[in-house]
């Protein structure tokens with residue numbers, strides 16, 4: 001039987017030290033996504049193009065927040081999907097039903113994020129220009 005983890009003795013430390021180390025790990029994650037994930041680069045480009053447009057499209061601060069959150073949600077979903085794919089490829093590159101399912105589920109998550117983006121942006125654009 002395994003022993004419970006004593007989190008006070010983890011190598012990442014506690015308090016400010018842990019926050020600094022976690023921030024560095026996040027930096028490495030963003031760097032890896034930019035270097036190794038074409039989909040992340042493409043989605044980041046889309047987000048960088050749409051971000052300034054959001055300021056002109058939104059009629060209120062609430063709408064602006066919704067537009068920007070949907071952009072961040074797409075990037076979040078892609079980062080999670082990329083992490084799943086990297087871990088799955090580390091386990092095996094051979095065909096495996098469960099690995100394939102995990103990758104497909106990650107991809108579906110990105111599709112849901114894009115669907116929310118299209119729905120929110122479309123509704124706000126409709127309100128702005130046609131309502």
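Glycine residues also receive a Cβ, built from the backbone N, Cα and C atoms like all the rest.
Look at TrEMBL and you will find 78 tagged as active site, proton acceptor. Taken from TrEMBL, the feature substrate binding site applies to 18, 39, 40, 41, 42, 43, 78, 107. Residues or ranges marked as ATP binding site in TrEMBL: 18, 37, 85, 103, 104. Per TrEMBL, the feature divalent metal cation binding site maps to 37, 85. As annotated by TrEMBL, transmembrane segment applies to 38-58, 64-84, 105-126.
All features noted in TrEMBL, drawn onto the structure.
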| residue | record | Cβ neighbours (10 Å) |
| --- | --- | --- |
| 18 | substrate binding site | 14 |
| 37 | ATP binding site | 19 |
| 39 | substrate binding site | 14 |
| 40 | substrate binding site | 20 |
| 41 | substrate binding site | 14 |
| 42 | substrate binding site | 11 |
| 43 | substrate binding site | 22 |
| 85 | ATP binding site | 17 |
| 104 | ATP binding site | 11 |
| 107 | substrate binding site | 16 |
Residues near residue 103 (ATP binding site) in space but at least six apart in sequence (CB under 8 A): 84, 85, 88
Chain residues in Cβ proximity to the transmembrane segment (64-84) (below 8 Å; excluding those fewer than six residues from its ends, i.e. six or more beyond): 29, 33, 36-37, 39-40, 43-44, 46-47, 50-51, 54-55, 57-58, 102-103, 105-107, 109-110, 112-114, 116-117, 120-121, 124
Rounded distance in angstrom between the Cα atoms of residue 104 (ATP binding site) and residue 78 (active site, proton acceptor): 12
Residue 43 (substrate binding site) to residue 37 (ATP binding site) - Cα separation in whole Å: 10
Same-chain residues near the transmembrane segment (38-58), Cβ under 8 Å, at least 6 residues beyond its ends: 64, 66-68, 71-72, 74-75, 78-79, 81-82, 110, 121, 124-125, 128
C-alpha spacing of the residue listed as 'active site, proton acceptor' relative to residue 41 (substrate binding site), in angstrom: 10
Same-chain residues at least 6 apart in sequence whose Cβ lies under 8 Å from residue 78 (active site, proton acceptor): 33, 37, 39, 40, 43, 110, 113
Most distant Cα pair in Å, residues 18, 37, 85, 103, 104 binding ATP: 33
